[in-house]
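**Q** Here it is: the structure, laid out below.
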Number of protein chains: 2
Amino acid sequence: MELLIEDGHVYTDGEAVEADVGVRDGRIAEVGDVRDADRVLDASGCLVLPGMVNAHTHASMSLLRGYADDLPLDRWLEEHIWPIEAHLEPQDIRVGAELAAVEMIRTGTTAFADMYFGMDEVADAVDVSGLRASLGYGIITVGKDDDEAREELNEGVGFVREYDGAGDGRISTMLCPHAPYTCDEQTLREAARAARDEGVTLHTHLSETDGEVRDSVDSHAERPPAYLESLDFFDGDVYVAHGVHLDGDEIEMLANRGVGVAHCPSANMKLASGTAPVAEMLDAGMTVGIGTDGPASNNTLDMFKETRHTALVAKSREGDASVVPAREALDAATRGGAELLGTQSGVIAEGRPADIAVVDLDAPHLTPRHSLVSHAVYAANGGDVVHTVVDGEVLMEDGHVETVDAGRVTAEAEERARRLAERTEAEA
Amino acid sequence: MELLIEDGHVYTDGEAVEADVGVRDGRIAEVGDVRDADRVLDASGCLVLPGMVNAHTHASMSLLRGYADDLPLDRWLEEHIWPIEAHLEPQDIRVGAELAAVEMIRTGTTAFADMYFGMDEVADAVDVSGLRASLGYGIITVGKDDDEAREELNEGVGFVREYDGAGDGRISTMLCPHAPYTCDEQTLREAARAARDEGVTLHTHLSETDGEVRDSVDSHAERPPAYLESLDFFDGDVYVAHGVHLDGDEIEMLANRGVGVAHCPSANMKLASGTAPVAEMLDAGMTVGIGTDGPASNNTLDMFKETRHTALVAKSREGDASVVPAREALDAATRGGAELLGTQSGVIAEGRPADIAVVDLDAPHLTPRHSLVSHAVYAANGGDVVHTVVDGEVLMEDGHVETVDAGRVTAEAEERARRLAERTEAEA
């Protein structure tokens, strides 16, 4: 074996069993009693989980973490986020993605989906970090003329062609028309067609706010899902983010069309968008993953927080403590997200990519061990992760990130964020 | 000075300012430029916060963490929690409280309010740990005859008389009739009178679930607040836990009577009780503190999680991202809780008890530093706390708990929890 994760409690088939995990050629070769390997990670007294999959984020927004909070969505965007984003330089986007990568590795996230601009910088940061990612350029055509709109789509398609399969195959790509309300009809239709032609996933924001639904009815005489359906948007491999304001018929339609959803509970609460009907989505058979959304509206990339929220918010919303039990939430955070990203990771089983997060259980808040699955969802933090492995490569051992210089990245992020805020405020 | 917390960003008057904190005779003697002290805690690159105050918990239930989850409240209590609680031995309660104390110290909680049984064990654990606490025996008379009910009340009063002022004054006591639905009318009335006579706070669970409100109307022809008001319950120093199902008139009545509330968002979500109208409570002028509730319904004692939830859940509930901004949530978790517990801590200012939590900001998820108050609420974890101080005594430095042997406690808790579950299941 190339790598042995030794003597842990391995989460597999919904429960934690004592086993070693052996890795060969980047894949899980054996779950059981494994001996001899080139490298050994000690997992005694640890819970060995499939790596968390962050199914929806905007990683480079880590540079805007805490820049503006506690504001209504429109003022937050128009008065703060868009003005500062207009001053982002390519190296800011690069450093923001590196900072996010370090945070994700430290908190046990092994794969993420990202939609933003300057995506070549994000892809390079992913490549170096060793993470797995599904990346797409966020196509926005609102306020643009036809030529500019075509350029936006071309940028998205160009990124797909250049980067799909990059990073030794760890990088896949998506086509990402940002939202039905930020793209014109023709672009939405053509982006969907281009995704099918290129053989990549289509990803967009959908029904995030009540206002978005009302505006769609005003503009298109249809709610957002019906509007997109009329544009043949759901004909290929598609998943959406949020889905807070989907009704029962829409959930059924999306489930029947094989459309998945990335649920982002913290951001939905922080921006007062509402709470998504996750229990209904799961019941309908939709593939549900979990996302942090951007770190400016969360404000972390800690998937353990989101997994806990997924269970808690669903119970509160439905008035039923039995909905979305720990195992369902954990499976959404791992296997569900992996399915949305189109990767075989998210499950610890022979033949699967070795994307693994090891949680140290030797902590008062993880004592006693009545149920390790309960602890993973209700009690653990991202900070409890000690080892992170992607594609069989060790990205972190004993809390030390090996692929990225965390000290250099945080110092550079701090400095670049300060200058970015100064540039933005000088112009305001 | 006895103690100097050197070179941090000190949270005072709603913002973080660069300063040292000097401590003499257990109190904050100076916030500014302090030199020379017997002991120095390095706070450079750190946020210096008032210690978190957990305003409602049942600490010894840490031994039941993860024992049963994802169940409706009635089945959770009747089929799992009450049966296992019936097998708790005094040493279990002691070790549960010690485990909770270690977790609280590690996550920056410096004071907590606790209502349970076997409270002499809890008090002893608090004494040794160095924490500050307000403790009360949970009086329950449902299913008991008059003599037994009187014994329950006497147990509560006896605990107050024996332990008020214990632990070098760090322990105060409360009278805690468990809830209007678990105590008879006479006990509720007499407990309230006894609290006034003894000069201690009265604390109870109130309007936690919709079912409780309906049952009260059925049994007493009044909703719980009006029922308690008819028993002169609110004539003294009183605060309640939960208040999920308080209506606007009830909030106004309680605010006018000076009644405070301990808000427990995680437990309310996890048990599907609902979401409390915290923004309304704050607007009405109620003193709002934050509690984790017991670790079997949370499942941690991490007040950073609850503080974040307090802000997020309020925004989601009100559909307004501007309600309960970061500062209000942080103040509720510190000053608000301290007011409920009747301690002068919860604020970093000269003359206040030196109850302090120091958060290390040198972490990717706390980078960049646009706003440290935002980070404290939206991005930090209890695990980011490096030093914890109570009454000027250092309980933890650089993550090492000095007053309690964390290794001994977690090992003993693990072993006792295993035997407790075995005893319970052998009888089932």
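Here the Cβ of each residue, glycine as well, is placed from N, Cα and C on the backbone.
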**Q** If I go by TrEMBL, which of A:H205, A:H387, A:H400 binds Zn(2+) at the same site as A:H56, A:H58, A:D293?
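**A** TrEMBL lists A:H56, A:H58, A:D293 binding Zn(2+), and from A:H205, A:H387, A:H400 it also lists A:H205.
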**Q** Restricting to the chain of A:H56 (Zn(2+) binding site) and a gap of 6 or more, list residues whose Cβ falls under 8 Å of its Cβ, or answer none.
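**A** Within the chain, A:H56 (Zn(2+) binding site) has Cβ neighbours under 8 Å at A:A113, A:M115, A:H203, A:A241, A:H242, A:A262, A:C264, A:G289, A:G291, A:T292, A:D293.
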**Q** Neighbours of the Zn(2+) site A:H56, A:H58, A:H205, A:D293: Cβ within 8 Å of the Cβ centroid, same chain, sequence order.
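**A** Checked against the 8 Å cutoff, the neighbours are A:T57, A:M115, A:A241, A:H242, A:A262, A:C264, A:A267, A:G291, A:G294.
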**Q** Which residues does A:E208 (substrate binding site) neighbour through Cβ under 8 Å, counting only same-chain ones at least six apart?
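**A** Those within reach of A:E208 (substrate binding site), by Cβ under 8 Å and sequence separation of 6 or more, are A:A179, A:A241, A:H242, A:G243, A:V244, A:H245, A:N268, A:S273.
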**Q** What's the number of neighbouring CB atoms sitting within 10 A of the CB on A:H205 (Zn(2+) binding site)?
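**A** A:H205 (Zn(2+) binding site): 25 neighbouring Cβ atoms within 10 Å.
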**Q** Just how many other Cβ atoms lie inside 10 Å of the Cβ on A:H58 (Zn(2+) binding site)?
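**A** Counting Cβ neighbours of A:H58 (Zn(2+) binding site) within 10 Å gives 25.
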**Q** Near A:E85 (substrate binding site), which residues of its own chain have a C-beta under 8 A away, given they sit six or more steps off in sequence?
**A** A:L64
**Q** Which whole-number mean pLDDT does the model give the domain 'Amidohydrolase-related' (A:47-394)?
**A** 97
**Q** Taking the binding-site residues one at a time (A:H178, A:D293), which has its Cβ surrounded by the most other Cβ atoms within 10 Å?
**A** A:D293
**Q** What does DSSP call A:E85 (substrate binding site) in the simple three-state scheme?
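**A** Where A:E85 (substrate binding site) sits, the three-state DSSP reduction gives helix.
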